[in-house]
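Engineer: Annotations for this protein, taken from Swiss-Prot, read as follows:
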type: BINDING; residues: 53, 54, 81, 158, 353, 361, 501; note: FAD binding site
type: BINDING; residues: 56, 82, 365; note: 2-oxopropyl-coenzyme M binding site
type: DISULFID; residues: 82-87; note: disulfide bond
type: BINDING; residues: 222, 223, 224, 225, 245, 246, 360; note: NADP(+) binding site
């Protein structure tokens with residue numbers, strides 16, 4: 001084992017990126033990055049097993065509180081799989097999907113090229129991501145060492161001995177606590193042929209795609225991952241078939257919003273087959289996928305393809321640690337924790353995707369910080385709930401709180417404010433209109449593509465219960481709007497805000513149109 005003692009070396013961000021790339025490309029697995037303060041005599045308050053979002057943010061918080069921490073991670077960089085082959089790549093792919101939908105909609109018009117029969121390379125975009133991903137890795141290694149003064153051992157899987165002891169880089173480290181932050185991996189499918197060449201998940205797509213897929217893509221799954229990648233594949237000009245076991249995008253609770261999203265996907269040519277179960281993946285003589293067979297409500301369906309994408313969620317990486325430490329697990333393999341993020345084993349905490357859903361960045365980062373605070377003596381609970389949510393299709397879809405049907409079922413007398421309004425022209429009006437949707441709003445026959453937005457309000461209390469937006473640019477606002485809604489935001493207070501016109505969300509000005517009414521009615 002070759003170990004680079006990096007403690008007294010001070011690399012720039014670019015130097016870090018180059019070093020990481022060299023380690024990743026090394027045929028022997030590369031050197032261990034050893035950044036440990038041997039002059040600090042204190043016992044570690046916590047060793048973080050994993051340096052992804054939960055481990056890195058938790059470490060930074062613990063260090064800021066005056067504690068001593070150590071991260072041990074199998075990757076040669078901090079930040080985990082998210083910026084390497086998980087959540088960040090699809091943002092690039094979704095940018096491409098939005099641009100391509102615009103270009104295809106206005107094909108041959110204005111300055112747009114003729115996109116008829118144009119097929120865009122999937123591998124070309126994947127290669128673009130691969131070539132640029134080490135820059136962010138370099139930033140995180142640099143920032144964590146030079147600015148946050150974190151201790152870490154990277155490119156070195158941790159060997160957990162017990163609830164206070166970890167072996168790494170040929171040395172044994174002791175800590176008062178362990179914080180497990182090893183994340184989750186892609187879900188899989190238990191059918192014949194699933195290991196054929198040409199069957200990918202989000203990680204192997206980035207790491208292993210070495211050919212340009214043919215004219216048909218099959219996506220298995222119907223939630224975030226499946227939809228986000230599926231829309232990208234569709235936008236490249238390929239037939240895209242989604243095989244969904246139940247119904248797609250059930251996480252969008254408002255039926256009208258969900259219907260708008262699915263209608264736009266289908267309008268782009270996506271084939272969504274609900275109630276389907278894949279029974280086998282057929283291989284050719286060379287072990288490469290040649291077809292997918294599924295049982296659908298209309299009987300058996302066989303789809304010829306050389307490219308299958310599994311968008312089946314995430315599975316916590318809990319098995320090995322559970323066996324070593326005796327951790328209690330939940331039905332989906334998640335490590336069970338209490339409100340203080342403590343596991344069933346004394347002095348062992350678990351955070352991030354390892355503890356199950358929601359498998360979101362905010363939960364990873366916050367749970368890491370809350371675990372650190374508990375380790376440092378605070379008695380503080382964390383249970384993620386009532387959070388805003390988001391996904392990509394060809395659009396950006398943001399939502400929070402209650403949908404209309406959910407609010408009615410809960411006993412609320414509700415009114416809604418939405419754009420476009422319910423009219424005889426339906427969606428075929430030039431509103432909503434804002435950044436990135438103006439061409440759709442004013443284009444001939446494309447007004448219905450300019451987006452959809454809606455807020456749900458309790459007519460008696462005047463409080464905003466939920467908000468839903470399909471378009472572009474609203475995600476950032478939803479982060480803050482969610483806090484205000486949890487604090488009891490009313491339609492009157494919303495209407496009294498200052499909009500930055502033309503704002504992606506029209507909620508402020510539309511609320512102002514109704515706020516003067518003693519008895520609220522829908523708009």
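From the backbone N, Cα and C atoms, a Cβ is placed for every residue, glycine too.
From a predicted model like this one, the values you see are computed outputs, not experimental measurements.
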Engineer: Provide the three-state secondary structure of residue 224 (NADP(+) binding site) computed with DSSP.
Structural biologist: helix
Engineer: Please give me the binding-site residues out of 56, 353, 501 that lie within 10 Å of residue 360 (NADP(+) binding site), comparing Cα atoms only.
Structural biologist: 353
Engineer: Among 54, 87, 246, 501, all listed as recorded positions, which has the most CB atoms within 10 Å of its CB?
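Structural biologist: In terms of Cβ crowding, the pick is 54.
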Engineer: Of all the Cα pairs drawn from 53, 54, 81, 158, 353, 361, 501, the residues the record ties to FAD, which distance is largest, in Å?
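Structural biologist: Farthest-apart Cα atoms in 53, 54, 81, 158, 353, 361, 501 are separated by 52 Å.
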Engineer: Quick check for the class: what is the C-alpha distance, in angstrom and rounded, between residue 353 (FAD binding site) and residue 365 (2-oxopropyl-coenzyme M binding site)?
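Structural biologist: Computed Cα spacing between residue 353 (FAD binding site) and residue 365 (2-oxopropyl-coenzyme M binding site) is 10 Å.
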Engineer: Need this for a regression test: recorded positions 87, 223, 225, 245, filtered to those with Cα within 10 Å of residue 53 (FAD binding site). What's left?
Structural biologist: none
Engineer: Using Cα coordinates, what distance in whole Å links residue 361 (FAD binding site) and residue 82 (2-oxopropyl-coenzyme M binding site)?
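Structural biologist: Their Cα atoms are separated by 9 Å.
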Engineer: Taking the centroid of the Cβ atoms of 56, 82, 365 as the 2-oxopropyl-coenzyme M site, which other residues of that chain lie with their Cβ within 8 Å of it, listed in sequence order?
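Structural biologist: Counting only non-site residues, the set is 52, 53, 54, 55, 57, 79, 80, 352, 361, 364, 368.
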Engineer: Taking only the binding-site residues 54, 158, 222, which one has a CA atom nearest to the CA atom of residue 82 (2-oxopropyl-coenzyme M binding site)?
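Structural biologist: Comparing Cα positions, the candidate nearest residue 82 (2-oxopropyl-coenzyme M binding site) turns out to be 54.
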Engineer: For the binding-site residues 223, 225, which one has its C-beta crowded by the most other C-beta atoms within 10 angstroms?
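Structural biologist: Output for this query is 225.
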Engineer: Counting all other Cβ atoms within 10 Å across every protein chain shown, which of the binding-site residues 353, 360 scores highest?
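Structural biologist: Most Cβ neighbours within 10 Å: 353.
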Engineer: Identify which of the binding-site residues 53, 82, 158, 361 has its Cβ surrounded by the largest number of other Cβ atoms within 10 Å, counting every protein chain shown.
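Structural biologist: Per the Cβ count within 10 Å, the most buried is 53.
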Engineer: Please name the residue among the binding-site residues 56, 224, 245, 365 whose C-beta has the most neighbouring C-beta atoms within 10 angstroms.
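Structural biologist: Of the binding-site residues 56, 224, 245, 365, the highest Cβ count within 10 Å belongs to 56.
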Engineer: Just jot down the residues in the same chain as residue 81 (FAD binding site), at least 6 apart in sequence, with C-beta under 8 A of its C-beta; none if empty.
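Structural biologist: Set apart from residue 81 (FAD binding site) by at least 6 residues yet with Cβ under 8 Å, we have 52, 75, 183, 203.
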Engineer: Measuring Cα to Cα, how many angstrom lie between residue 223 (NADP(+) binding site) and residue 56 (2-oxopropyl-coenzyme M binding site)?
Structural biologist: 28
Engineer: Just to confirm: which same-chain residues, 6+ apart in sequence, have a Cβ under 8 Å from the Cβ of residue 222 (NADP(+) binding site)?
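Structural biologist: Sequence-distant Cβ neighbours: 242, 244, 245, 246, 247, 248, 249, 250, 272, 274, 311.
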